[in-house]
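Record features, source Swiss-Prot:
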BINDING   48, 54  NADP(+) binding site
BINDING   125, 126, 127, 246, 247, 286, 301, 302, 303, 304, 305, 327  FMN binding site
């Protein structure tokens, strides 16, 4: 199985399954002499881990990360950093009924057809549990970006179902209330929308159903020049990284799909001696960072693991009806915010190292 690594100079390789013994990753390319300990990584993992609020899956995992290599006397050595997280609350028996059945909307069918075998327990490698290691690696990238370049990578939830935040709360990137984002389980900058999210999720849990979501990632203080045209454009690599997150079905950079209705006179980001007048492009022009905040949005589908009966087939292509047991998120977008931040940080650090190697 290929496709387990991302990045060139800053490279992250993950391994492990949802109900396996452990999850792990190897992080290559971290510059030497950066202070690093588990305490630098754990806060982001705590933001992603399950069982932290009534709005997410009740599966309980401490997600305590252990650094296995690449750090000596509290500092990175420049060698590969090995990270591991032990699984503790698998409850694989919940999945016995689907051992020979394909959950509709999941990767069960495609994994079985491609490999001729699959780990049906919680989705195995296709489970979003794999993203814990992305968050761990991303925490390292975020620390280096922040300490060495002053780059901040942060995200927020902007929509669940038909409940949206007030656009005015995020109209000025520099005035987003990040303390408000950190203070609620929805990572939401709009306290009014938080109430709407709460009501919607309660209703969904009662119905045994799920819903989709939209979130935004913002990277501030990114220097001009990141990106390698033409095939390794910064926006192309960023879209690739964000699309690799489980359940993501669409990525927008800047104004995204709204550009369809804009005229050129409106969309172009005009310039003055003081700088850009607008940021419709989302901080990337011609595949290269412009120095403005990088803004990306992602849309996540509703999870297919629900209590509402659905039609599918088994390994013998016979019709079956499924109710997915187990513990699942009514909205996977809620815990996706730190994952999207991590993937953005990984791409930015990779491109920063490539920029320094080639241009300065």
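Here the Cβ of each residue, glycine as well, is placed from N, Cα and C on the backbone.
Across the fold, the C-alpha of residue 301 (FMN binding site) and the C-alpha of residue 48 (NADP(+) binding site) stand 18 Å from each other. Taking every protein chain shown into account, 127, 303 are the binding-site residues, and of these the Cβ with the most other Cβ atoms within 10 Å belongs to 303.
For the pair formed by residue 48 (NADP(+) binding site) and residue 247 (FMN binding site), distance between Cα atoms is given as 15 Å, rounded to the nearest Å. In three-state terms derived from DSSP, residue 125 (FMN binding site) belongs to a helical segment. Counting every protein chain shown, the Cβ of residue 301 (FMN binding site) has 17 other Cβ atoms within 10 Å.
Each of the binding-site residues 48, 125 was assessed for Cβ neighbours inside 10 Å, and the highest tally belongs to 48.
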